[in-house]
Amino acid sequence: MRYDLSLIASWIDPGATVLDLGCGAGDLLHILTVDKNVRGTGIEREEEKVTRGIEKGLSILHGDIIEEVADYPDGHFDYVILSQTLQQVFEPAVLIREMLRVGRCGIVSFPNFAYYRIRGQLLFRGRAPVSRELPYEWYDTPNIRVITIRDFRRFCRKEGFVIARETAVSTPHHHEQGKMVTFLPNLRASYGMFLLQRKGAQG
Amino acid sequence: MSEYVEHSPSGTSVGRVEKQFFTFAADEPLLVESGRSLGPVTLAYETYGRLNASATNAVLVLHALTGDSHAAGYYETSDSKPGWWDLMIGPGKPLDTDRYFIICSNVVGGCMGTTGPASVDPATGRPYGLSFPVITVGDMVQAQKCLIDHLGVGRLLSVVGGSMGGMQVLEWSVRYPDMVRSAVPLATTTKHSALAIAFNEVARQAIMADPAWNGGDYYDGEQPAHGLAVARMIGHITYLSDEAMRQKFDRRLQDRCEISFAFEEADFQVESYLRYQGQKFVDRFDANSFLYVTKAADYFNLESSHGCGSAVAAFAKAQCRFLVASFSSDWLYPTYQSRAMVQAMKKNGLDVSFVELEAKWGHDAFLLPNARLSGMIARFLDRAAADAAKEDARAL
């Protein structure tokens, strides 16, 4: 199991209700359902992944995350997850506000663009970075946002999202193993992971 | 619904099957939505597989406009074709007859063994014709419930159907929410669009303009074959798509090298195809029945009948889990209509899965082999069966 996904899973209470935005073929939801008895729904825009998710016995909706999340009543889920998708979102503030409307908590994770290996590619080779976390060339990337851990904290402050918990992760060798980074996370972590709440919400 | 019947590459046939009949509403007639009453009512139905001891493995399959109870298997070993959804129903298939008890009945107003306008009215000793009450999708479902009660099933594991069968699925989910554990509406809608009503109206006019129709009173003589054939041709246009027609026929000529400069012969393959489909349909379907079932589909409006005009209010009554699928090239019930019902389900906090399947064959796609659709339905039913087993264990 991917290390970042297992970390997200560790943040979720057993039996919770979960909405996973950009859930892919439902790997995380599947783990949460089996291990934590979570009642989950996923939203995914690729038909092939949607069908694979439903074939795992999951509830998946085929559509755009911004449009689909809007239909849910306030506070319908315990957790709304946006895992490794923020860098592709056109209106991040709108989406996260919606996540915190339909969910009690939001979990957002993204590849950290200030990771030293990425900085190194730009600094030493003069090339647009291509990494395991961001494996695309400039001409075929679906990612439209460049996010760093420090930038995301600033963004949350500005938008009024409360960071209830935060972890920086480094997975240097393969996706299944990694470690948490506490010293200079914006430089040394390949991923950032945040638990968000609405302002005024009780922890 | 057209008659594409193809064998599933995986799984075997359920084998020989038999059409059965259930008659009810003899003493107390069935009150239909139009305010009139009907009785006695006979439903033609078939079942495949075995009902388990706790009666928790029953799956009701609902047929489309011109379908029938013969969803799988063969009546005679010499039959050239199996039932209309044989690729989905059978041992090891998504609707696995080794595990589930599958039920399929012909709708009220139909002409494949169930009471309809061609049946004899016991009051007059003559076929009902147009004196048969106008029926609705709600009436069809009401009659099916009598059959389900009769078969000793308290709660259906799932209700599954496409097109007008999907409308019945939706109707079941809100009319009898306690009796439905899961629902699979495919290529369907909560209400007919003006486009769908328009095609049906042209089809009905074709029948009624045929002099042989005679106000619906034709059972002593010839049936309005030409009108019914034209009605079917119109239907077939709506079941395909622009791309499907281009691939299937394009402008290719039928058995000739040059256009004929005449009208009697079919120049183009598409003309020949439609004429053939129309002709074939006349041999198996009753013209009045076609008027009644198309009217039922046109009148269907889940939102007005169950939610005072609101889809959200209508689905507030539902309790089951849903798997909704639409097909990208379906222009009869386009994806936006499925999305609208999914949205209403979500607003009610219902557990729903939805996928728009990429398919070039238009509305008919739900009847064609589709590995993704098969896999999803199989697993969706698995999950419902697991829930049922869990509840069973708790009840003990």
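Each residue, glycine too, has its Cβ placed from N, Cα and C.
Noted in TrEMBL for the protein shown:
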type: DOMAIN; residues: B:57-367; note: domain 'AB hydrolase-1'
type: ACT_SITE; residues: B:S163; note: active site, nucleophile
type: BINDING; residues: B:R232, B:D364; note: substrate binding site
type: ACT_SITE; residues: B:D330; note: active site
type: ACT_SITE; residues: B:H363; note: active site
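B:D330 (active site) counts 28 other C-beta atoms within 10 Å of its own C-beta, drawing on all protein chains shown. Of the recorded positions B:R232, B:H363, B:H363 has the largest number of other Cβ atoms within 10 Å of its own Cβ. Looking only at Cα atoms, B:H363 (active site) sits nearest to B:D330 among the recorded positions B:S163, B:R232, B:D330. For the residue listed as 'active site, nucleophile' paired with B:D330 (active site), the C-alpha to C-alpha distance reads 11 Å. In the three-state DSSP scheme, B:D364 (substrate binding site) falls into the helix class. The predicted model assigns the domain 'AB hydrolase-1' (B:57-367) a mean pLDDT of 97. Distance noted between the C-alpha atoms of B:D330 (active site) and B:D364 (substrate binding site) is 8 Å. If you draw a 10 Å sphere around the CB of B:D364 (substrate binding site), it holds 26 other CB atoms from the protein chains shown. Around the Cβ of B:S163 (active site, nucleophile), a 10 Å sphere holds 28 further Cβ atoms from the protein chains shown. In this structure, B:R232 (substrate binding site) is part of a helix by DSSP.
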